[in-house]
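What Swiss-Prot records for this protein:
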SIGNAL    1-23  signal peptide
CARBOHYD  Asn26  N-linked glycosylation site
BINDING   Tyr83, Glu129, Asn187, Tyr333  substrate binding site
ACT_SITE  Glu188  active site, proton donor
DISULFID  Cys195-Cys230  disulfide bond
CARBOHYD  Asn247  N-linked glycosylation site
ACT_SITE  Glu268  active site, nucleophile
CARBOHYD  Asn464  N-linked glycosylation site
CARBOHYD  Asn498  N-linked glycosylation site
CARBOHYD  Asn542  N-linked glycosylation site
CARBOHYD  Asn545  N-linked glycosylation site
CARBOHYD  Asn555  N-linked glycosylation site
DISULFID  Cys626-Cys634  disulfide bond
REGION    650-677  region 'Disordered'
COMPBIAS  652-661  compositional bias 'Basic and acidic residues'
COMPBIAS  668-677  compositional bias 'Basic and acidic residues'
Amino acid sequence: MPGFLVRILPLLLVLLLLGPTRGLRNATQRMFEIDYSRDSFLKDGQPFRYISGSIHYSRVPRFYWKDRLLKMKMAGLNAIQTYVPWNFHEPWPGQYQFSEDHDVEYFLRLAHELGLLVILRPGPYICAEWEMGGLPAWLLEKESILLRSSDPDYLAAVDKWLGVLLPKMKPLLYQNGGPVITVQVENEYGSYFACDFDYLRFLQKRFRHHLGDDVVLFTTDGAHKTFLKCGALQGLYTTVDFGTGSNITDAFLSQRKCEPKGPLINSEFYTGWLDHWGQPHSTIKTEAVASSLYDILARGASVNLYMFIGGTNFAYWNGANSPYAAQPTSYDYDAPLSEAGDLTEKYFALRNIIQKFEKVPEGPIPPSTPKFAYGKVTLEKLKTVGAALDILCPSGPIKSLYPLTFIQVKQHYGFVLYRTTLPQDCSNPAPLSSPLNGVHDRAYVAVDGIPQGVLERNNVITLNITGKAGATLDLLVENMGRVNYGAYINDFKGLVSNLTLSSNILTDWTIFPLDTEDAVRSHLGGWGHRDSGHHDEAWAHNSSNYTLPAFYMGNFSIPSGIPDLPQDTFIQFPGWTKGQVWINGFNLGRYWPARGPQLTLFVPQHILMTSAPNTITVLELEWAPCSSDDPELCAVTFVDRPVIGSSVTYDHPSKPVEKRLMPPPPQKNKDSWLDHV
């Protein structure tokens, strides 16, 4: 017996030492799961519900990520929700961008450092009023591809992308020490016509393969059986979305038909609504949002406020809806934090509601950032687009008997110039037509350097032009943003069908894909010899409605050595019509004061300089207020308040657009700019 004790004591000692260690490891193991017996989430074994807000890192400069996240935390949110736009990270097949403003991993780690959990929505389709719903345009190189389906070509591209993205996300899962508690599969799939369950099952398998079996995967659809019929899938937790205009009881009953047990979740509770060019700015009354949020939280539900901050559609990233209506540069969304990240009345009202249910962090709330009105900056005309083709298209044009689309000439965004000659004399006006509505989306038309007018998708498909036989016919075609929602997201751009002149098909095209980004960035010091402007002068005798599309440039200096400068600002375009604007080579986005409702564009301070003059480059497409008679009118103005809700005036009636079954009703009586607290 003593010998036996001698042999077993070391073993008992080892077990005693290992036992507590193993128990401690189990107690501290991070877990996030669904407790179906208590209709709740469990976070590390304890009942939990999230109060989240949407922020899209792709719409907020990295410079401001921490500021916005801190404000969200101080509002009482314990989580954030964000989309991952595929096209933001893979602009060309196999070419990936994950640095600077594209560094989604840093963004998620920053949220984690600030104590915020994350609801991740990696698509591959996201909607989000984002260009093509986040799907990369290069998918359309196969013209017959059926997006968001089990089409083999689509699945192959998706599989490759998920194989890049999801392994980056796995270390950031809550179970692995990160902030990500749930991951959405696809997005509102029940609103899409395909209803392809093989596609959803494929995604489910790939998400599980890359992320493991422990993470909570979910879907989101409108709170109606019509949407849930094709959007829900066994093995993915079903959630719904709805706004202030919905009956909350009925909405959650819709979820309960798919998920009899488990937490109630509104994945998109709308704090505001989206805008379209040529339609009034959408707002939702603060009282309505606060009241509905109270009712949702009183039911013990988890909720995500969409949006908590909307941000900006910089460059060409805005989407569009059908019938075709493009979204503007501002994605303010009438959210609790303004486009510029400023605190609003709605922010404090919702914070007050949240603190009735959860503890709100103590301490000061980061203030709204200061804004500065830098004033008027005079611009000078550089060159018309036609005169700058050597800069804009250095590789030369493409010849084709019939027009080619943007995709066919390897151009995804921006502009393409289509050129041919008039096959007949048009001394008397002759109809230039797109009989199949094939101008996607706007074409700025000129004959021998004399502007003729604009062809516009759905609105203007015929334009009378004049010119002699053999004259040069130019159409500068703009991609205004691909459709992001519904059945028509395979949105080809350019001249997607033939044009006719007096019913005769035009042929023998010379096509110039324009690299405006490289041209602007590499010519900030100027564009060499400048135009004499004689084309504009000649046109002035015929009409005051249009000038040739042209680039304009100006500079302004910000004093150095002053601690508070530079500051955020807003750029306004008095007298200008429609175009694109860059500051120091940074593409701010589209302006269109002639159509509205947005009149100013947000200019974040980090793109401004005090060490050197700041360069403004404007591409005006329709009419510029510039003439030799009064050069002071050729100017833009920097102001310290945004104007995103002007009265709407436009030259062609727009049809009403409805994104979802029952969008929140816009409130018409709000001030045109958000209050700053």
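Yeah, the Cβs are placed from backbone N, Cα and C, and that goes for glycine too.
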Disulfide-bonded residues (Cys195, Cys230, Cys626, Cys634), the one with most neighbouring Cβ atoms at 10 Å: Cys626
Reduced DSSP assignment, Cys634 (disulfide bond): coil
Candidate nearest Asn555 (N-linked glycosylation site) in space, where candidates are the recorded positions Cys195, Tyr333, Asn545, Cys626, Cys634 and distance is Cα-Cα: Cys634
Around the Cβ of the residue listed as 'active site, nucleophile', the count of other Cβ atoms that are within 10 Å: 26
Candidates Glu129, Glu188: member of the recorded positions with the richest Cβ shell (10 Å): Glu129
Candidate nearest Asn187 (substrate binding site) in space, where candidates are the recorded positions Asn247, Glu268, Asn464, Cys634 and distance is Cα-Cα: Glu268
From recorded positions Glu188, Asn247, Glu268, Asn464, the one whose Cα lies nearest Cys634 (disulfide bond): Asn464
For Tyr333 (substrate binding site), the number of other Cβ atoms found within 10 Å of its own Cβ: 27
Alpha-carbon distance [Asn464 (N-linked glycosylation site); Asn498 (N-linked glycosylation site)] in Å: 17
Length of the line joining the Cα atoms of Cys195 (disulfide bond) and Tyr83 (substrate binding site), in Å: 22
Site extent for substrate, whole Å (max Cα pair distance, Tyr83, Glu129, Asn187, Tyr333): 19
Asn464 (N-linked glycosylation site) and Tyr333 (substrate binding site), Cα-Cα, nearest whole angstrom: 39
Cα-nearest neighbour of the residue listed as 'active site, nucleophile' within the listed recorded positions, Tyr83, Cys230, Asn247, Asn464, Asn545: Tyr83
Asn464 (N-linked glycosylation site) versus recorded positions Tyr83, Glu129, Cys230, Asn247, Asn545 - nearest by Cα: Asn545
